[in-house]
Structures are given as structure tokens and as C-alpha cells.
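Notes follow the structure.
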Amino acid sequence: MGSLGKVNNEIPTKSSGGSKVLVIGGTGYLGKRLVKASLDSGHDTYVMHRPEIGVDIEKVQLLLSFKMQGAHLVSASFDDQRSLVDAVKLVDVVICAISGVHIRSHQILLQLKLVEAIKEAGNVKRFVPSEFGTDPARMENAMEPGRITFDDKMVVRRAIEEAGIPFTYVSANCFAGYFLGGLCQPGYILPSRDHVTLLGDGDKKGVYVDEDDTAAYTLRAIDDPRTLNKTIYVKPPKNVLSQREVVGIWEKYIGKELQKTILSEQDFLATMREQNYAEQVGLTHYYHVCYEGCLSNFEVDDEQEASKLYPDVHYTTVEEYLKRYV
């Protein structure tokens, strides 16, 4: 197919609010939500796309829908450093949402090229790299092979900080779509009405965040001096729950108790080792959350927690989220 155009120079339909924002990875699972949140916030919003998209009609239609809502489409590529520099020169804030999930694609280190482009451009006031999960700085003892996710994110962090680029890191813990839909069971995204496997005793607390809320909080943070060069945590108090508590909410909705099987730590690890590499990476993350409680073994100050920083943002509770599956 032909190009969508290097830049849509038409005036966005929404009034500009604050910084000009470039979203990279804007057609992805979280990226499309970041674009929507940016537009909804009134930001002059730019969405980067590859010069040629082939015949990926869904991606093209999504990009065109962004354009119709007032976004600028910017043609650039990680294989063309000059195009990256030109793209970031258009904006004040860069938000990157390229995939770091191995079952999709793991592209975290591509951001090193983006860091170089931002450094060369010299105009970016805030960079939000692709993180949005567990804080990698707290995972230095993570298990193989899943630790590669955290290690690579730390490589990018060091490059950002060594380059002197202003940043905000967003730790949004567990995506609700992946965790709540399957009642915290790996490999499931719809809740059963009959049976659930509890990981260990099912009592380790996780933190479950609606992806739209992650996007909304991120867009609030980009112009906030309180979040400059800091990590913010999306840890809404009503969403800090154990697997048993999540299951209990679901049981209340469907009016019955699920049959429960306990999966011991040893059996989980044995099963994990039988999977392919990409699956093992994801299962390692489940292990740290559900067996070790890595999301609830530390306290977060109010000035670093998103729902405290922005109390006017209504976040979706676990109860509200699960209701859609009834």
C-alpha cells in the first residue's frame, strides 16, 4: 500500500492542551489507549508509524481513525535514524509503548535508538519509555529467563539517564485484561464458571490496573513537575488484592463457588520448564507476582502513587472490571 503521509499537518479537532505528544507503538495493545488518552486530554498528538505497513488493514484502519480524531500521523522507522530525529523534533513529550512481551514480540532495546534520536534532537522535555509493568529496578534478583525483560528495561533506563534526558517511568503492575480476565491463571483470559487453579496459597497480593486507566494516569504525569525524573506507581488501593480475593469477587457475581485446585510452587516451576522460551518468560513474571508477592512487598509514598497524585481520575476497580464478564 502507499504511504499514509509523513505528517498530517491539519489542525487537530481538539484544542491543544499542554505538551505536544508523540506516541510510538500507537497501534499496540497499550499504545492505542495512550493515543486515545492523549487526544481526550486535548494534547496535540502525533502517532509514529512505519513508512510501509504492507496489507495490515486493521492497523491502517486504526491509524486512519486516529487521524480522523485529530492526530498527526508521522512516518518514521527504527531503521532510519534521521527519520526518528525528525519525528521527535516535532514534539515536547515522547511516549514509547513498543512491545516487551515475548509472546508477542520483545523490542525493548530498540529504544536505545530512540534515546540517541532524542539526545540528538535536544528538544524533548519528557520521555516515557516502554515499561508499564513491574518496576525493573526492584527485580534485580528475578529468575531466568524472565529477568531479561527487567534487565533490558534497566539498560534503557541507564541510557536515558546517562544522556540527561528528562523522564518519567510508569510502573502499572498487572494489566487487568491479562490477569483479571483469567482469574490470575496463566494462559486464560476469560473467567471459568466451574474451576480455578490457585497459584500457591492464592494469598499473595497483586495489583490489577485497567489499561485505559494506565493510559490516563500516564498522560496526567507527562506535564507534572512532581513526576519529573521519577518512577510513578499505578497502585490503586481497591485493586491490591490476592488471587483468592479476585476469585471471591467473581464467585459473588455468578452466585456459585468454583472448584479449586492448588498448584504448588514446585509444580508450577516444573510445568514452566516444559514450555517454550517465550512462554517461560511470561510464566516467570507470574511466578514473581503470585508466589513471591513482588508487587506488594514494598510501600509506595503518596507522591509516587498515581491514584493519590490524581484523585480526580476515576479508576476502574477490580469489582467493576470483572462485572463485564458476567
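For all residues, glycine too, the Cβ spot is worked out from N, Cα and C.
Since the structure is predicted, the reported quantities are computational estimates derived from the model, not experimental observations.
The active site, proton acceptor annotation in Swiss-Prot covers Lys153, and the record cites similarity to another entry as its basis. Per Swiss-Prot, NADP(+) binding site is recorded for Gly25, Gly26, Thr27, Gly28, Tyr29, Leu30, Gly31, Arg50, Lys59, Arg157, and the stated evidence type is similarity to another entry. The substrate binding site annotation in Swiss-Prot covers His285.
Projection of Swiss-Prot feature records onto the structure.
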residue : record                       : DSSP class
Gly25   : NADP(+) binding site         : coil
Gly31   : NADP(+) binding site         : helix
Lys59   : NADP(+) binding site         : helix
Lys153  : active site, proton acceptor : helix
His285  : substrate binding site       : helix
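Those residues noted as binding NADP(+) (Gly25, Gly26, Thr27, Gly28, Tyr29, Leu30, Gly31, Arg50, Lys59, Arg157) have their most widely separated CA atoms at a distance of 29 Å. Listed in sequence order, the residues of the same chain lying 6 or more apart from Gly25 (NADP(+) binding site) and placing their CB within less than 8 Å of its CB are Gly31, Met48, Cys96, Ala97, Ile98, Ser99, Ser130. Ranking the recorded positions Thr27, Tyr29, Lys153 by how many Cβ atoms sit within 10 Å of each one's Cβ puts Lys153 at the top. For the pair Lys153 (active site, proton acceptor) and the residue listed as 'substrate binding site', the C-alpha distance works out to 14 angstrom. Considering only the binding-site residues Thr27, Tyr29, Lys59, His285 (substrate binding site) has Tyr29 as its nearest partner by CA-CA distance. Every protein chain shown contributes to the tally, and the Cβ of Gly31 (NADP(+) binding site) ends up with 23 other Cβ atoms within 10 Å. Counting other Cβ atoms within 10 Å of each Cβ, the binding-site residues Lys59, His285 show the lowest value at Lys59.
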